[in-house]
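Peer 1: The following block contains the structure, expressed as structure tokens.
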Amino acid sequence: MADKLTEEQISEFKEAFSLFDKDGDGTITTKELGTVMRSLGQNPTEAELQDMINEIDTDGNGTIDFPEFLTLMARKLKDTDTEEELIEAFRVFDRDGDGYISADELRHVMTNLGEKLTNEEVDEMIREADIDGDGQINYEEFVKMMIAK
């Protein structure tokens, strides 16, 4: 399944993997997974984190390596996000709950993920998704952006 990914997708997933792999050792542990999820406003229990790791950990060593991560991401792409998942993702970004993702909200979430973006990069991301030109991203624009990926 992972062999059906484009080079661009693999490159993007490598970047995402490195956000999780905080110590850069090539594996994601439950501790690293928990850190990223908490930075996104989730609060998983140790058991939930272990379940997530076990679901992806095909070689049974207790951690996720990049090939296992790619398999998961390929599966996620194939399953295309359900509306519920999209709403949940939108809420992570829309911190004040006003129905719009502002540049500040986008910058905050990306910084929590360890992505240090310049103001120009944040503005560019907003511009790319902002169909109606109001300077922020509404739910409809967010869905179009996520489906287009």
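Note that Cβ sites are derived from N, Cα and C of the backbone, with glycine treated the same way.
Remember, predicted model here, so these are calculated numbers, not experimental data.
Sharing the features that Swiss-Prot gives for it:
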| type | residues | note |
| --- | --- | --- |
| MOD_RES | ALA2 | N-acetylalanine |
| DOMAIN | 8-43 | domain 'EF-hand 1' |
| BINDING | ASP21, ASP23, ASP25, THR27, GLU32 | Ca(2+) 1 binding site |
| DOMAIN | 44-79 | domain 'EF-hand 2' |
| BINDING | ASP57, ASP59, ASN61, THR63, GLU68 | Ca(2+) 2 binding site |
| DOMAIN | 81-116 | domain 'EF-hand 3' |
| BINDING | ASP94, ASP96, ASP98, TYR100, GLU105 | Ca(2+) 3 binding site |
| DOMAIN | 117-149 | domain 'EF-hand 4' |
| BINDING | ASP130, ASP132, ASP134, GLN136, GLU141 | Ca(2+) 4 binding site |
Peer 1: Tell me which residues of the chain lie with their Cβ under 8 angstroms from that of GLU32 (Ca(2+) 1 binding site), as long as they are six or more apart in sequence?
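Peer 2: Counting only residues 6 or more apart in sequence, the Cβ neighbours of GLU32 (Ca(2+) 1 binding site) under 8 Å are PHE20, ASP21, LYS22, ASP23.
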Peer 1: Among the binding-site residues ASP25, THR27, ASP59, GLU68, report those whose Cα falls within 10 Å of that of TYR100 (Ca(2+) 3 binding site); none is a fine answer.
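Peer 2: Of ASP25, THR27, ASP59, GLU68, within range: none.
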Peer 1: Specify the secondary structure state of ASN61 (Ca(2+) 2 binding site) as given by DSSP, simplified to three classes.
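Peer 2: Reduced to three states, the DSSP call for ASN61 (Ca(2+) 2 binding site) is coil.
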Peer 1: Just give the helix, strand and coil counts over the domain 'EF-hand 4' (117-149), going by DSSP.
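Peer 2: Helix/strand/coil tally for the domain 'EF-hand 4' (117-149): 21 helix, 2 strand, 10 coil.
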Peer 1: For THR63 (Ca(2+) 2 binding site), what residues in its own chain, 6 or more apart in sequence, show a Cβ-Cβ distance under 8 Å?
Peer 2: THR27, ILE28, THR29, ILE53, ASP57
Peer 1: Within 8 Å of the Cβ centre of ASP21, ASP23, ASP25, THR27, GLU32, which other residues of the chain have their Cβ, at the recorded Ca(2+) 1 site?
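Peer 2: Apart from the listed residues, the neighbours are PHE20, LYS22, GLY24, GLY26, ILE28, THR29, THR63.
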Peer 1: Mind checking which residues of the chain, 6+ beyond the ends of the domain 'EF-hand 4' (117-149), have their Cβ under 8 Å from one of its Cβ atoms?
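Peer 2: For the domain 'EF-hand 4' (117-149), the far contacts come to 80-81, 86-87, 89-90, 93, 99-103, 106-107, 110-111.
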Peer 1: Which sequence positions outside the domain 'EF-hand 1' (8-43), separated from its termini by at least 6 residues, show Cβ-Cβ distances below 8 Å to it?
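Peer 2: For the domain 'EF-hand 1' (8-43), the list is 49-50, 52-53, 62-66, 69-70, 73, 77, 92, 109, 112-115.
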